[in-house]
Amino acid sequence: MAITDWPEDERPREKLLARGAQALSDAELLAIFLRTGQQGLTAVDLARRQLVSSGGLRAMLDLSPERMAHLPGMGVARRALLLAALELGRRYLAEPLERGLPLDNPDKAGQLLTAQLRGLPFEVFACLFLDNKHRLIAFEKLFQGTIDAAAVYPREVVRRAMEHNAAAVILAHNHPSGVAEPSQSDHAITRRLVEALGLVEVRVLDHLVIGDGGWVSLASRGAV
């Protein structure tokens with residue numbers, strides 16, 4: 001049975017407009033993107049297959065464009081639409097914090113940094129540069145690859161902080177494994193940067209480790 005033959009209040013698009021996006025399942029939301037199904041499959045059926053094939057919604061949305069292309073029914077046009085929507089979501093999450101609002105608690109910083117770093121297939125070390133009222137001056141991704149004490153250069157972080165005339169910074173990096181628990185190396189990096197930035201009177205407010213399910217604040221654990 002085609003979706004057009006379903007009761008109107010069960011069709012994904014009409015259901016979304018009448019009851020809000022929160023009322024739809026993952027497959028129903030994805031079906032709105034797909035618009036049509038395949039031979040013998042409605043858009044909702046096809047969406048379910050894609051979700052099962054990729055291991056769930058989060059795993060699907062974290063796929064690289066190349067791997068996403070192998071999902072059933074995911075052609076170039078659909079892939080482009082989905083990737084564009086994901087980027088719009090990331091920018092929406094980041095934009096409110098780019099207007100000079102104070103980043104005075106881990107939740108505000110965590111929202112911005114999660115939007116930028118979660119789900120990347122490699123480690124990225126980034127920094128929020130703040131003014132003396134803890135308002136955002138700039139966000140920069142400084143290093144990528146295997147992030148350990150040998151791969152993060154305090155001199156470069158200090159240089160960028162001084163170029164931005166920053167009074168404080170919030171450090172962050174992601175764990176591609178999805179597990180946000182800080183490692184011994186994470187603690188070592190934090191200590192080195194606190195010491196180096198302290199020499200130029202730049203405060204390290206926090207170091208956030210970003211995972212799939214959220215983030216861990218080293219400051220909240222007394223490590224900053």
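Each residue, glycine too, has its Cβ placed from N, Cα and C.
The domain 'MPN' annotation in Swiss-Prot covers 102-224 and rests on sequence analysis.
According to Swiss-Prot, the feature Zn(2+) binding site maps to His173, His175, Asp186. When secondary structure is read from DSSP and collapsed to three states, Asp186 (Zn(2+) binding site) falls in the helix class. For Asp186 (Zn(2+) binding site), the number of other Cβ atoms no farther than 10 Å from its own Cβ, over all displayed protein chains, is 21.
Residues annotated as motif 'JAMM motif' in Swiss-Prot, with sequence analysis given as evidence: 173-186. Cβ atoms under 8 Å from those of the motif 'JAMM motif' (173-186) belong to residues 117-118, 120-126, 147-149, 207, 209-216, 218, 221, 223 of the same chain, restricted to positions at least 6 beyond its ends.
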Which number gives the other C-beta atoms within 10 angstroms of the C-beta of His175 (Zn(2+) binding site), all protein chains shown included?
22
Return the count of C-beta atoms lying within 10 angstroms of the C-beta of His173 (Zn(2+) binding site), excluding that atom itself.
24
